[in-house]
Amino acid sequence: MAVQGKAAAFRLPPLPTVGEIIKLFNLKAQKQLSQNFLLNLRLTDKIVRQAGNLKNAYVCEVGPGPGGITRSILNADVEQLLLVEKDTRFLPGLQMLSEAAPGKVRIVHGDILTYKLENAFPKHLIKNWEDEPPDVHIIGNLPFNVSTPLIIRWLANVSKKDGPFIYGRTQMTLTFQKEVAERLTANAGGKQRSRLSIMSQHLCTVENCFVIPGQAFVPQPEVDVAVVHFTPLVEPKIQQPFELVEKVVQSVFQFRRKHCFRGLEILFPESGCLKRTEHLMMTANVDPTLRPFQLTMSQFRNLCNTYRKMCDEDPSLFVYNYREELRQKKAKRNSLKSDHKPEETDEENQL
């Protein structure tokens, strides 16, 4: 007998299995959309458990597809579940889940890359950034082709405390290719240390939770998949604008196998480049012969802080783009070649 005054935990009623839903609606994974279905509910339950206690929480699931993770989220007794799905083929199956959980599910046909998550949930959920994370979570089995641009966008949102992070330090539990997950969590000196390592770890606590073998998915991808959990930090490890940090980090890793001096050179116009790069590294106290993956977070912080001071002294530095300088030099060379091309005679034109 249920305890009086205590609501029973929500459980979905009996429903067709995810596999049966796929057959019922003739759903096939589209390779061009990097779609892979996860049918094993033990694994989807395990993914959802990494998000923590979801009872009465507000959750956004990214790309629910046929609804495997969706079922596990609903069985965690959430208050509200927002499903953002781009592919219309999945909407009838998701509607079936919505009807099985009255008042709990909201389905949006849209692209998560453009959907405004800052308007997704009630404003009473907003917490101060310094407080514990809000009862708002993002969960998703991300398609491989959007996972990296999407996490970079959300990290920019973390830095600015906007988008899904207007509610506070919203937590994310997401899947990535195993190799990408290793980059996200790699420490200094590790072979997988990359731009993603710095951009994610300076803003969040990043945990590589567990690996799902490729054969658990339908169709089977060529790689294994890892589940990664993000909790935004109260204070970023590099307290500079996101765009500035990204520019410095991208430049350093532009020449991954060379000394870090080589990548930092492209932050500056060719004229005076060597002198400015030496000043940057000397002031930041960074050994120019270190490889990019050997640099620690504190060294990246020093580089960003020093570069910021140099940009404050010369605002044209921040907007400088070495690729644009290369393009202009190439255009100039082509123009000179064209100017010096000998004119064709009438006889040559006839030939």
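Quick reminder: no glycine exception, Cβ is built from N, Cα and C everywhere.
Remember, it's a predicted structure, so these values are computed and weren't measured experimentally.
Feature list (source: TrEMBL):
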- ASN36, LEU38, GLY63, GLU85, ASP111, ASN141: S-adenosyl-L-methionine binding site (BINDING)
- 43-234: domain 'Ribosomal RNA adenine methylase transferase N-terminal' (DOMAIN)
- 328-351: region 'Disordered' (REGION)
PLDDT averaged over every residue in the domain 'Ribosomal RNA adenine methylase transferase N-terminal' (43-234):
96
Max Cα-Cα distance in Å among ASN36, LEU38, GLY63, GLU85, ASP111, ASN141, the residues listed as binding S-adenosyl-L-methionine?
20
Whose Cβ, among the binding-site residues ASN36, ASN141, has more other Cβ atoms within 10 Å than any of the rest?
ASN141
Around the C-beta of GLU85 (S-adenosyl-L-methionine binding site), how many further C-beta atoms are within 10 angstroms, looking at every protein chain?
23
With every protein chain in view, what's the tally of Cβ atoms within 10 Å of the Cβ of GLY63 (S-adenosyl-L-methionine binding site), excluding that atom itself?
22
